[in-house]
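Copied from TrEMBL, the annotated features are:
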type	residues	note
TRANSMEM	B:20-38	transmembrane segment
TRANSMEM	B:71-95	transmembrane segment
DOMAIN	B:71-274	domain 'ABC transmembrane type-1'
TRANSMEM	B:107-130	transmembrane segment
TRANSMEM	B:156-182	transmembrane segment
TRANSMEM	B:203-236	transmembrane segment
TRANSMEM	B:256-277	transmembrane segment
TRANSMEM	B:304-329	transmembrane segment
DOMAIN	B:362-557	domain 'ABC transmembrane type-1'
TRANSMEM	B:366-385	transmembrane segment
TRANSMEM	B:397-421	transmembrane segment
TRANSMEM	B:427-446	transmembrane segment
TRANSMEM	B:489-516	transmembrane segment
TRANSMEM	B:536-556	transmembrane segment
Amino acid sequence: MIDVKLRSVSKRFSRGGDAAAVDDVSLTIAAGEFFTLLGPSGCGKTTTLRMVAGFAFPTAGQIHFGDQDVTRLAPNKRDAGMVFQNYALFPHMTVAQNVAYGLKVRKIGRAASAERIEQALAQVHLAGYGTRRIDQLSGGQQQRVALARALVIRPRILLLDEPLSNLDAKLREETRSEIRRIQREAGTTALYVTHDQAEAMAMSDRIAVMYGGKVQQVGTPHEVYHRPANAFVARFIGRSNVLELPVAEASADGLELRLPSGARIGIGAPEGHGLKSGDTALVSARPEQVRLAGPTADGALPGKVTGIEFTGMATNLTVDVAGDELMVSVVDAPDGIKIDDQVGLLLAPHRLWVVKP
Amino acid sequence: MSALAVNLNRRLREGAGSAWFPYLLVAPLALVLWGYVVQPMLATFVESVSEDGTANYAVFFSSSGVARASLFTSLFISLASVLLCGVVGVGMAFLLKRFAFPGRRLIEAFILVPAALPPLIGAIAFQLLYSDIGILPRALQQLFGAERPVLAFDDIAGVLVVHTFTMYPFFYLAASAALAGMDPSVEEAAYNLGAGRLRVWRTVLLPMLTPAMVSASLLVFMTSLASYTAPLLFGVSQTMTMQIYINRTNGDLPMASTYASVLGIVSILFLLLMRWYEGRRSYRSQSKGVAHQRREILNPFGRWLALAASILATLVLLAPVATIALVAFSEDGSWTSEVIPSAYTVENFITIFTDPKSLQPILNSVQMSLIATVGCVVIGVLIAYAVRRLNFRGRALLDMAVMISWALPGTVVAINLISAFSTGSTFSLGQALIGTFWIIPLAYFVRFLPMVFRSSSAALAVVDPTLEEAARNLGASWWRAFRTITLRLMLPGVIVGALLAFVHGVGEFVASVLIYTSSTVPISVAINNRMYSFELGTAAAYGMLQIVLIFVVMWFSSRLENGGRQAEQWTN
């Protein structure tokens, strides 16, 4: 088990070109950790992964596997097992031959090789599939062959590039816990790339949220959800109402904000928030943490329902509060609620979080 | 040199990722293309102005004289060929792809046969069929008791017959592909909006076919311009290609080079035009809707008529091959004024295989073509890989250089090599190649490299680049990943390309006839010589060998790639 460090890694594709695809990214992935790069397409997450794999070299910065500087090391010298988005299984080889490829390159003896292949296939629940051709496998099975092929070489780090994106929704949920189990059993450090925040939340020890080539926030799923560093993270992870509220009073770790109704609300804020009285604070409020009340309830923001969407699990409402559309998600919506109803919205102070713009 | 080799070796083992790795791979390829394609072309130009400066070029602007007449005749033949091929090719495509009638499959099976013939034997077949010594005019003469052969095609008309039969597939294949790729719902939408059938054809179908038609027109024009055997056999001496040949055999190399330069430049201009046009739009739709239904011909009279026409068309398509087969079994010198040869024998085939002097051309062709094919495969595959997979400055130039060697007429390729290698050069290791064995394999290499390149490139296009990355990720060196994954997966395409190059080498005539020596006579030149000495039977027997080889390879390739789409490669 090794840790992986990225130090101020940048990548520009065109010489002296405009924007960097990856801009000054520094990350430490702890040994044995399941670490996820999460962000919308074009955010630089895949480029970062490819630099760790050695398919692209950083324009600046270093990458370390443990104590070894691998920044400009050829991909075949890295011992980094990768699962590709499209699996990249060799179509002219059987399942066993695919898994054997990395062992053959490493000149592992026939007997030891056969044992490791069998073990790897058993680990992904494909024992007995060795002689199958790739096109005889389902998408989920192909995905598991790719995983076995990457793990059988006992990589120093396992790289996964959106490995679930080609599976259907139900299989995707099954497979993600499966990948997590196998990674834990193998005890391998894993770097996972996805644009799917639910996937990232469910699987990761820690997540780095990326946007515009930069890391926006690194944290546990709980941290990035409940304490988003900025408005982008708040909106990208789950859904969030980002409110602009004037600051009435500021202290080192707390703020008093003035609601449109005139009432004041006291909330916690991260240290070094830098806001002072009279500033406008950006406050993130998750839809499921906004409570629905009568239009005249104490301390409630009065508003008018403009949209209703029943999803089974919850009812998602959009409520117009003094010209701003707020999202509200309630598990037990009052029967008969309909468009144009007047309602009040209650904000829970301990679930409001000040974010940077 | 060895330091470079060691370095290259190290690079191949370790990282193909560094920014300058591509240049290491590309440099030798670029050198080959420069040395054998581009630099000979420049040598030809230098040769053309070596004696009288630009005076040679002035003849093209003087109102009278051979040069201008030849240029105009060539252009006229090319233009007429485009029109004729367009009418026949598009007509056939509509008929076969849009209507169902008895005999349709019969025509479809044989539609590409005339075009697949090697250039010389193909032209000979048409000469033996339709010229004033041809079977059909003589048969009509006998039938009507006329004084002269009836409906004989000679001169330019003869050339146009050959061109139409051998080049209409450019239009046929392009139009068929365009019709197949067309979303039927677009046409249905037009009907739905109230347009009549004629209006739909005029306003929807034909406009949608335009891109395919323009590409096909350019191709036919270029191919006609490069055509040499048809004018040779039908005695049209005032064309560009014939003038190159005549000036070369008269020993006026500067004038031959002038014609070659002009023809070369025109060909490259057409190549550029074609590339520019192809880079624009196409109307292929992405929709996966139902395939277009063929209109069934239901009228009983129409069905009989269609069947009769189909059988007739099939006979016409097969007639050239049948003629060569027939003549191959005729006794040499036995066919004078009769409709068909009067005496038959298998002696011709025995002779060409047992008489050492007659066998030699076959051995020569096979050997020279094999050598060229090996070169084409090594260089063609690597260029395809470089152009498709590597990122380096000048990639477009490399691609362009290969396409130039495709665009240059065989006659021009031969003159280029004569200009460049009649004395020693760096690229011939200081030896003069003209008059040696090596010049013909070199010419075949230059002419057929694009075939291997294109077919390898097409094969590479469907090999996912991440497969190679996966191999690298699992620890394979670049060379190992290339060998065990990429090359392995593109192999069918490479084999098809190699077979194509080999077969075309065995059938090659146009360049060979300008550069062969008495000890390197290839099959096609032997055929030509036998025709001159009136040994038609033996000539046709040689031709039969080429034809059989082509059909065997065609069948094998179609099994290998199992798809009719490869058919277009054969129409060259």
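Numbering starts at 1 and runs along the chain as it is shown here.
Every residue gets a Cβ built from N, Cα and C, even glycine.
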Point to revise | Selected stretch (most C-beta pairs under 8 A with the transmembrane segment (B:107-130)) from B:366-385, B:397-421, B:536-556 | key: B:536-556
Review point. Is the transmembrane segment (B:366-385) close to the transmembrane segment (B:20-38), in the sense of at least 3 CB pairs under 8 angstroms with a sequence gap of 6 or more?
Key: yes
Check your understanding: Where, among B:156-182, B:203-236, B:397-421, B:489-516, do we find the most CB pairs under 8 A to the transmembrane segment (B:366-385)?
Key -> B:489-516
Exercise for review: Establish whether the number of Cβ pairs under 8 Å between the transmembrane segment (B:489-516) and the transmembrane segment (B:397-421) reaches at least three, counting only pairs separated by 6 or more residues.
Suggested key: yes
Point to revise | Residue numbers, six or more beyond the limits of the transmembrane segment (B:71-95), whose CB comes under 8 Å of its CB atoms | key: 60, 107, 111, 156, 159-160, 163-164, 167-176, 179, 209, 213, 216-217, 220-221, 224-225, 227, 231, 236, 238-241, 262
Study note, to complete from the structure: For the transmembrane segment (B:304-329), out of B:397-421, B:427-446, B:536-556, most C-beta pairs under 8 A are with B:536-556
